[in-house]
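Here is what TrEMBL says about this protein:
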- 162-200: repeat 'HEAT' (REPEAT)
- 201-239: repeat 'HEAT' (REPEAT)
- 240-278: repeat 'HEAT' (REPEAT)
- 279-317: repeat 'HEAT' (REPEAT)
- 318-356: repeat 'HEAT' (REPEAT)
- 357-395: repeat 'HEAT' (REPEAT)
- 396-434: repeat 'HEAT' (REPEAT)
- 435-473: repeat 'HEAT' (REPEAT)
- 474-512: repeat 'HEAT' (REPEAT)
- 513-551: repeat 'HEAT' (REPEAT)
Amino acid sequence: MADDSLLPIAILIDELKSDEPLRRLNSISRLGLIAQALGEERTRAELIPFLSENVDDEDEVLLAQAEQLGNFVPYVGGPQYAYLLLPLLETLSTVEETVVRDKAVDSLCKVGASMPDAHSCEHFVPIIKRLGSGEWFTSRVSACGLFATAYPRCTPMLKAELRQLYAQLCRDETPMVRRAAAQKLGGFAKVVERDYCSRELMPLFTDLTQDDQDSVRLLAVESCGAFAQALGQQDATSMLLPIIHKFAQDKSWRVRYNVAQQLVQLCEALGAEVTRIELTPNFVRLLRDPEAEVRVAAAGKVSAFSKLLTPQQIVTSVIPCVRELSMDSSQYVRAALAGVVMEMAPVLGKQLTIDHLVPIFLTLLKDVYPDVRLNVISKLDQVNQVIGIDLLAQSLLPAIEELAEDKHWRVRLAIVEHIPLLASQLGADFFQDKLGPQCMKSLEDQVASIREASTRTLAKVAQEFGPDWARDHLVPHVLGLIKNPHYLYRMTVLGAISSLATIVSSDVLCNHMMPVLTNASKDKVPNVKFNVAKIMERLAPLVSRSVLESTIRPVLLELCEDPDMDVRFYARQALYACDHGPQQ
């Protein structure tokens, strides 16, 4: 029996040596199983050396291997043996394929973090030194990602050597190495002592921000937030502000784009006062950038940035830009703005929202691009909380009614899905007058997704306003639609009945809905009939035994004799459920 259970493992081990890359990949992706079967000692003595000899393989196999080795510490005997994995991962971190190198570096960091401090100094730091001074740029690129893992666990002398080596990498002649150094510098700054951070790393950061390659500068931007946290507010303000001012006006739009993405994080690190005085002009400049991509990034941060300003400052500095962006020539800028502009309402308060934001909402709601309109609709509740029901009804509902007839079905769907939210805030009377007719109309929409969403919406509204209200205002309208000549719409009504049945009283279910279902069971379209059978099965537990015997059972027995096999199948299934409970 034991031999049989080990057979699959033996096959996996054989597949490691297969000539077919797909078989090797399959086996490598189950390395953990193989190691478990071999045991810790044989994994250390046989499996790791075997893998080390076979690193000249397809990139997909090497990628899977690099990923697996990151979780291999328990299989080699725990942290005290983790160093045995390092040579293999070191080799993988020097290959030509970028994704393999990146995964190997991730795994090296994982393994390195689990090692005892003494092993880290003895085994991990030498790898950084070898990679950092390697002849090929690939090894130097990989080295950049390892410093933050090793540094906190080193002796002061080794720490000084690592800082010196990182300085060399930041000044490397190869742009790819400087790019990696710029990208990882923020993570390194977080673990370096504050004094060394300002004295040694900050000059490196300043040099990278002035690099002639824009790809290096834009990655340096990403380290700004980490430096702001590492330096402390006072040093960060004096050292970083000039760099941020310069970045915000960089000649490369990619750098300015990255600044727009990172600015809110920087503002939070530097504090509200610095943001209001120093950084607001930069943000305004980015909102008016000549490049649409930069405006997209900045527009998406409008709400988050506004939370750091006073309402008055928002009105004077940000709102004029928002007004311009709402009519921007790029639809992507308008869509990005529409997704967040509603969130400014709680920051501004009621009166300023009415004066300044509502006109912008209305402009965006009438945008020709459907994604813009969709983004505004999805945040309607944010405005309602601030300006209240009455003003929402006056200013936005006419636009919503218009959007409910929109030619783009996703916009109509979004409106239908937001009706329960609006209904709960506007009340039963308002729903009845304004939104109810629209909801009924959606039950007969040409798009199936909208019809299905409408049945869910009706159930939510009925739940909100109660069974009596549903009996008087929803059920008669829904049941009236069963006469539609098209079978798909008749099936939608059946779906609505099924959704509402659990909410309305048993009186309404038995005296109003059941007769409609009984008539629908005689429909000429099989799809309608077998849906009646499915609904009868769901309704059986909701009615008394007498109704089950006098109404449901006769309908199902009749459907069991139907010429259509699907109708017969569902009818028999429903009958069985009525007699024995639902089938598992």
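Backbone N, Cα and C atoms are what each Cβ position is placed from, and that goes for glycine too.
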Lying 6 or more residues past either end of the repeat 'HEAT' (240-278) yet within Cβ distance under 8 Å of it, the residues of that chain are 205-206, 209, 214-215, 217-218, 221-222, 224-225, 227-229, 231, 233, 285-286, 289, 291, 293-294, 297-298, 301, 304-305, 308-310, 313
DSSP puts the residues of the repeat 'HEAT' (279-317) at 29 helix, 0 strand, 10 coil
Overall pLDDT of the repeat 'HEAT' (474-512), taken as the mean: 85
Which residues, given as numbers and ranges, are at least 6 beyond the ends of the repeat 'HEAT' (513-551) yet have a Cβ under 8 Å from it? 475, 479, 482, 487, 490-491, 493-495, 497-498, 500-502, 504, 506, 558-559, 562, 564, 566-567, 569-571, 573-574, 577-578, 582
Would you kindly list the residues that approach the repeat 'HEAT' (474-512) from elsewhere in its chain, counting only those six or more residues past its ends and only Cβ-Cβ distances under 8 Å? 436, 440, 443-444, 448, 451-452, 454-456, 458-459, 461-463, 467-468, 519-520, 523, 525, 527-528, 531-532, 535, 538-539, 542-544, 547, 551
By Cβ distance under 8 Å, which residues at least 6 away from the ends of the repeat 'HEAT' (435-473) in the same chain are close to it? 401, 404, 409, 412-413, 415-417, 419-420, 422-424, 426, 428, 481, 484, 488-489, 492-493, 495-496, 498-500, 502-505, 508, 512
